[in-house]
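Noted in Swiss-Prot for the protein shown:
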BINDING   ASP21, LEU22, ASN23, ARG36, HIS59, LEU60, GLY61, ARG62, ARG113, ARG146  substrate binding site
BINDING   LYS197, GLU319, GLY345, GLY346, ASP347, THR348  ATP binding site
Amino acid sequence: MAIINMSDLDLQGKRVLIREDLNVPVSNGVVTSDARLRASLPTIELALAKGAAVMVMSHLGRPTEGEYNPEYSMQPVVDYLAKALSCPVRLATDYLDGVDVAVGEVVVFENVRFNVGEGKNNEALSQKMAALCDVYVMDAFGTAHRAQASTHGVGMFAPIACAGPLLAQELDALGKALDNPARPMVAIVGGSKVSTKLTVLESLSGIVDQLVVGGGIANTFIAAAGYNVGKSLYEADLIDEAKRLVANAKSRGADIPVPTDVVVAGEFSPTAAATLKSVSEVADGEMIFDIGPDSAEALAKIIESAGTIVWNGPVGVFEFDQFGEGTKRIAQAIADSKAFSIAGGGDTLAAVDKYGIADKVSYISTGGGAFLEFLEGKELPAVAMLEKRGA
């Protein structure tokens with residue numbers, strides 16, 4: 001990829017505009033989860049160390065576009081950054097017609113979604129943003145799949161458009177996992193519905209050696225294999241699709257294994273009693289909420305021998321401990337594996353946290369939708385823009 005990297009540029013005395021993903025939860029004016037803010041700090045600190053005058057922009061929440069709403073103000077983010085960085089940090093509310101920023105200072109722009117035209121990638125808005133800087137840095141992988149004024153349009157008009165360290169790191173990790181993976185390659189795709197991940201399953205079934213399906217997705221594959229799934233969440237209209245994916249994988253020597261044992265209950269609740277059953281013994285009134293220990297061990301063995309692991313989605317309802325053993329075993333196997341592993345998606349990251357394996361996963365992706373679209377083989381607009389500007 002012919003993308004310019006911020007780390008390679010001379011930024012001394014330059015006005016540098018960084019698009020970060022600082023969309024964090026806020027309660028009573030205080031940031032309640034700072035993972036994205038912490039992830040952005042090295043990029044901001046590097047720009048400061050290189051002698052830049054730094055401007056930072058992001059969206060926060062989903063305000064009505066074009067309307068100021070104090071509930072979605074960037075002020076709590078500014079307060080956090082002011083403590084985390086050893087330099088002056090301030091909020092700029094009216095910045096589109098120009099903003100004063102000194103070398104060694106950080107100015108955070110108010111929520112980009114307060115600007116009319118942000119979502120539609122408005123050209124006039126993009127040009128105004130571009131006019132504010134000498135160098136535009138796209139560092140928000142989580143929004144790279146959206147063609148918006150602050151993620152795409154501005155980069156088309158800025159004097160220089162480059163990738164920040166966080167984005168570059170993400171693209172390197174995904175490239176390593178998907179473009180030239182060490183074999184065998186194993187993908188674990190969980191989630192409630194085949195329909196929401198069909199293109200991911202399609203894409204991965206063409207490149208992996210083993211495609212492990214979990215959650216509601218697995219129920220559709222279990223039904224496709226001819227077993228009763230009782231009252232489980234599954235998609236009857238996608239059984240033929242599941243059969244086709246299994247046949248396609250087999251035709252190229254790959255496999256989509258179906259669980260041999262499952263954990264069931266009569267209701268979906270934190271207090272539901274879990275029962276272990278063979279996959280062939282699920283009764284009409286039961287729901288499958290996890291894979292059984294035999295299936296978990298079989299999958300752990302597959303993971304242990306892998307060269308590359310891509311994990312997107314749990315294999316059971318791990319939020320309830322009685323249905324979490326399958327996901328826990330998978331997490332342990334990934335942690336113990338010597339393979340290059342990449343994990344992404346909200347539920348997956350919650351499982352990584354719950355089972356304490358964050359430091360054992362080679363790379364944790366910060367992008368939800370962008371991670372999925374990359375797995376689908378789709379071109380991400382922000383990445384395409386950076387390639388065009390780098391050519």
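Positions of Cβ are set from backbone N, Cα and C atoms, glycine also.
Within 8 Å of the Cβ centroid of the substrate site, not counting the listed residues ASP21, LEU22, ASN23, ARG36, HIS59, LEU60, GLY61, ARG62, ARG113, ARG146, the chain contributes SER58, ASN111, VAL112, THR143. In sequence order, HIS59, LEU60, GLY61, ARG62, PRO63, GLU65, TYR72, GLY119 make up the list of same-chain residues 6 or more apart from ARG113 (substrate binding site) whose Cβ falls under 8 Å from its Cβ. In this structure the C-alpha atoms belonging to THR348 (ATP binding site) and ASP21 (substrate binding site) are separated by 19 Å. A simple Cβ count within 10 Å picks out one of the binding-site residues ASP21, GLU319, ASP347 as the most packed, and that one is ASP21. The binding-site residues under consideration are GLY61, GLY345, GLY346. Their Cβ neighbour counts within 10 Å are lowest for GLY346. There are 26 other Cβ atoms within 10 Å of the Cβ belonging to HIS59 (substrate binding site).
Largest CA to CA distance in the substrate binding set (ASP21, LEU22, ASN23, ARG36, HIS59, LEU60, GLY61, ARG62, ARG113, ARG146): 18 Å, whole number.
It is ASN23, among the binding-site residues ASN23, THR348, whose Cβ has the fewest other Cβ atoms within 10 Å in the structure shown.
All chains included, 24 other C-beta atoms sit within 10 angstroms of the C-beta of LYS197 (ATP binding site). ASP21 (substrate binding site) sits 19 Å from ASP347 (ATP binding site), taking the CA atoms of both as reference points. Overall, the recorded ATP-binding residues LYS197, GLU319, GLY345, GLY346, ASP347, THR348 cover a maximum inter-Cα distance of 21 Å.
In this structure, the CA atom of LYS197 (ATP binding site) is 24 Å away from the CA atom of ASN23 (substrate binding site).
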